[in-house]
Amino acid sequence: MERAMEQLNRLTRSLRRARTVELPEDNETAVYTLMPMVMADQHRSVSELLSNSKFDVNYAFGRVKRSLLHIAANCGSVECLVLLLKKGANPNYQDISGCTPLHLAARNGQKKCMSKLLEYSADVNICNNEGLTAIHWLAVNGRTELLHDLVQHVSDVDVEDAMGQTALHVACQNGHKTTVQCLLDSGADINRPNVSGATPLYFACSHGQRDTAQILLLRGAKYLPDKNGVTPLDLCVQGGYGETCEVLIQYHPRLFQTIIQMTQNEDLRENMLRQVLEHLSQQSESQYLKILTSLAEVATTNGHKLLSLSSNYDAQMKSLLRIVRMFCHVFRIGPSSPSNGIDMGYNGNKTPRSQVFKPLELLWHSLDEWLVLIATELMKNKRDSTEITSILLKQKGQDQDAASIPPFEPPGPGSYENLSTGTRESKPDALAGRQEASADCQDVISMTANRLSAVIQAFYMCCSCQMPPGMTSPRFIEFVCKHDEVLKCFVNRNPKIIFDHFHFLLECPELMSRFMHIIKAQPFKDRCEWFYEHLHSGQPDSDMVHRPVNENDILLVHRDSIFRSSCEVVSKANCAKLKQGIAVRFHGEEGMGQGVVREWFDILSNEIVNPDYALFTQSADGTTFQPNSNSYVNPDHLNYFRFAGQILGLALNHRQLVNIYFTRSFYKHILGIPVNYQDVASIDPEYAKNLQWILDNDISDLGLELTFSVETDVFGAMEEVPLKPGGGSILVTQNNKAEYVQLVTELRMTRAIQPQINAFLQGFHMFIPPSLIQLFDEYELELLLSGMPEIDVSDWIKNTEYTSGYEREDPVIQWFWEVVEDITQEERVLLLQFVTGSSRVPHGGFANIMGGSGLQNFTIAAVPYTPNLLPTSSTCINMLKLPEYPSKEILKDRLLVALHCGSYGYTMA
C-alpha cells in the first residue's frame, strides 16, 4: 500500500511538471534526459533528478565522448556547471578530440564558467589532440579580458600546438590587437618560429593584419623569412595587402626597392602587386613620384635586356610589358590624371609627373636607333638589288631596262647555275658580297622584329597613359609614320606580331588604315581570337562570369510578345552588365540558363524580320533581308532598329548565333565598307544588270540623255532626286558613267535607308566597337553572326560524346544517326534546336558549340525505355536524353514527335 502511494505521488509530480521526476537506471538513457536541462541551465530540475540517482556525472556519451560538464561549459550553463562540479565532475576530463570543459568555455567566451572551472582546479596547460590550450582558443577569438584572467594561471605563455604555433601566432593572424598586446605583456616570445619557421610577424602579414604587424614591429619584432625563404613582404604582396606593406616599409625602408623589383616576378599575381603599388602611391605626392620613377628605371633596364639578342625573348618581353602595365596604372590613378583634366605633360609642359618618364627616354632612344639602323640596311639592300639586277642583265647580254625587272631576292644554293656564265664560281665577288649583306639584313630582322615590336608596344602604352581617354598620342603617331616601312617589313615577315604587340592599331583608325591590308590577310581564326580578346579585355575574370545571377539582372520576357517585351527590358538594362552576361526567363516558365538564352536569341532574330514590324524586307533571292526604306510606316521604327542593333551586338559579344541572314550590302554598312553596283542585285537584279551594261559598253553615241538625277516615289508622287548638287543638269557621259553608277548605287543602297542604318549601328556599337568589327569582311561577319547555313551530319557524328551507358557502336546510336541522315534538313535544324537551343552551327562546326560554361560537345545520354517515352534534352549542356528504344522505327517516330511538339518551352528538370 505504501509503495503504491509513492508511485502515485511520482506520477502526479511528473504530470504536473510535464517531465520525468527520476532518472532511468542506465547512464546512456539518463544522460539524454539530463542534457537538454543542462543546456537550458535548469539546475533545480537537474539537482532533483541527481539527488536520488546513481548516475555517473563523468559519464561520456555521444560520438565525441563528452560529459555533461562539457555541455554546461560549452553552453555557458554556469549553475549546472557548479552543480556538476560539486557532484564530483572531473574538470580535466578530455573528450575524443582532447578538449576539456575549460577549452570549450574559452572557445565560446564563457567567462563565469571559466572562473568556476579554475576554482575547481581545471588545468590551463592541458593540450587537445592538436596541441591547442585554452589560451590558444582565447587568442583565436580575441577574448582579451578572459585572457588577462587566465594567463596568470599559465605556466608557459608560449606553449605550442602541433604545428609549433603559439597563442601569439594565432592572435596576430586574426588581427586581435589587444590580445597581442596582452600576450606580449605576459612575456610571449615575439620572434618565436613555428615548425616551418614562420614568426608572429609572418602570420600577421599572411592575412594583411596591418595593426598587429605594427604592434609587433614597434616592439622590436625581427623581419625573418620562413624555412622556404618566403618573407612577410612576399605574403603581403601575394595577398595585395597594401596597408601592411606600408607598415613594413616604415620600419624597413629597404623593402621599397624589393617591392619594385617584384614587378619582374612572373610568379606574383599582377593584380595583387598592382593593388599594393596603388595603395603606396596614394600616401604622398613624393612617394607617388618615387614609385613611378623606380618603375620607369626597372622598365628601362628590362627593355635594354630585351633588345639584347642574347637574352631570353619570352621572359624579358613578359617582364617589360608587365612592368609597363603597372607603371601606367599607377600613373593614371595619381592625383593628377588625364581623366580629371589636369595637365600631365602631354601638352609639352614639364611637370613633375611628366618627368617620371625621363628614365624611359633612354629605352625609346635605343628603339629609335634600332629602327633607323634597320631602315638604312633595307634601303641599302634595295640599292644593291638594283645594282645586282644590272650585273645579271649584263651577264646575260640583255639590253632591258633594270627597272622592269622584279626586285632582287637573295637566291638559294645553285641558283646561279642557269646563268650564261654556266658555273657558280663565275659569280663576281662584289655580287656575292651584296647577296651576303642582304641575307644578313634579313637575319637581323628575324632576330629583332619580335623584340623591337614588344618595346614598341611598351612605348605605345606609356604614350597613351599620358593622354586623355579616346585620344592617340601625337608623338606615337609621328613615331609610326616615321618607321612605317620597317614596321610593315616586320609584319610581312611575321604577321603574328600584329596580334601579339600592335594592339595600338585597334585604338587609332589612322594607324589601322596603314596595316589593314596586312591584317585582313591573316587567318580568320587568328582575327577572331584577337577580336574576342580585346572585346572582353577589362571585363571580370572568367571565374566571375558564372557567379549567382542577381534577380534584378534577369531579362523577364513574354513569349507571346517577345519582340516588344524584349525591347523594353533591354532598353532599361545596364549595358555593362549585359556585356558580362545575360540571364533570360520567359514569363510563367521556370527554366533559366544558356539553353534559354540561345532560344531567346533564336526566336528574337526571327521576330526582327517579322513583316508586321516593317523593319526589313526580303531580298530578291528570298533568303536574305535588307532594311526597309519604308519602315517609317511604323512610328517606332528607329527605336526598333536600334534594338535590332543591340540584339545582334549582344549575340556577337556572347558568341550566340542568330537565325537570320542579311544582304551583303547591309553587312558592309555594319563594317563601314562602301557599297558598289553589284550589291544592287540583292534588291533589284534587273536594275543591277542595267548598271553593269552601262559600265561594259560605250554610251557615247547611244543618246541615253541620262543626267545625274533619278525619279523616285515619295509618298505616292514621283520626284526627281539629284545624285549630286546640280545633278539634274549634268549629263552622264562615257567619262563620268562610273561616278554615275556609284552615286545611284549609294542612293538605292545607302541614302534611302540612312536613318535606319544609323539607328541600327547606334545599338550595335553599344556592344561591338567599330574598330574591332572592321577586322572582318562582309562574308566573315555573316559567319560570325549566323554560323554555317548547312548541317554537316558527318561533322556532327564526329563531335558527339556518349554517356550513361551509350557507346558509339550501340544499336540505338546506330539507328539514331541513320534517322538523322534520313530526315529533312529542316528536321535536323529542329533536332539541333531541341538539344542546344540554337538552330545554327557555329563557324568551325560542331566542335565549337558552346555550353553553359564554354565549349560543350553534343552529348547523347542513355535513358531506360518505357512505352511511348519521348526523348528529352538539357540545353545548357547540349545533352539529348535518348531512351533505349527497341527498334529504329519506334526511335524515329518518338524523335519526330518530340521535335515537332516539344522544341519550345522550358521547365525545371
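Glycine too: its Cβ is placed from the backbone N, Cα and C atoms.
Here Swiss-Prot flags Cys876 as active site, glycyl thioester intermediate. In the three-state DSSP scheme, Cys876 (active site, glycyl thioester intermediate) falls into the helix class.
Per Swiss-Prot, domain 'HECT' is recorded for 574-909. For the domain 'HECT' (574-909), the model's average pLDDT works out to 85.
The feature repeat 'ANK 4' is assigned by Swiss-Prot to 130-159, with experimental evidence given as support. With a cut-off of 8 Å between Cβ atoms, the residues of this chain six or more beyond the repeat 'ANK 4' (130-159) that come close are 97-98, 100, 102-103, 105-107, 109, 111, 114-115, 118, 124, 165-168, 170-171, 174, 176, 178-179, 182-183, 186-189, 192.
Among the features that Swiss-Prot reports, repeat 'ANK 7' is placed at 228-253, with the record citing experimental evidence. Residue counts of the repeat 'ANK 7' (228-253) by helix, strand and coil are 18 helix, 0 strand, 8 coil (DSSP-based).
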Count up the helix, strand and coil residues in the repeat 'ANK 4' (130-159) according to DSSP, in that order.
16 helix, 0 strand, 14 coil
Within 10 Å of the Cβ of Cys876 (active site, glycyl thioester intermediate), how many other Cβ atoms can you find? Include all protein chains, please.
22
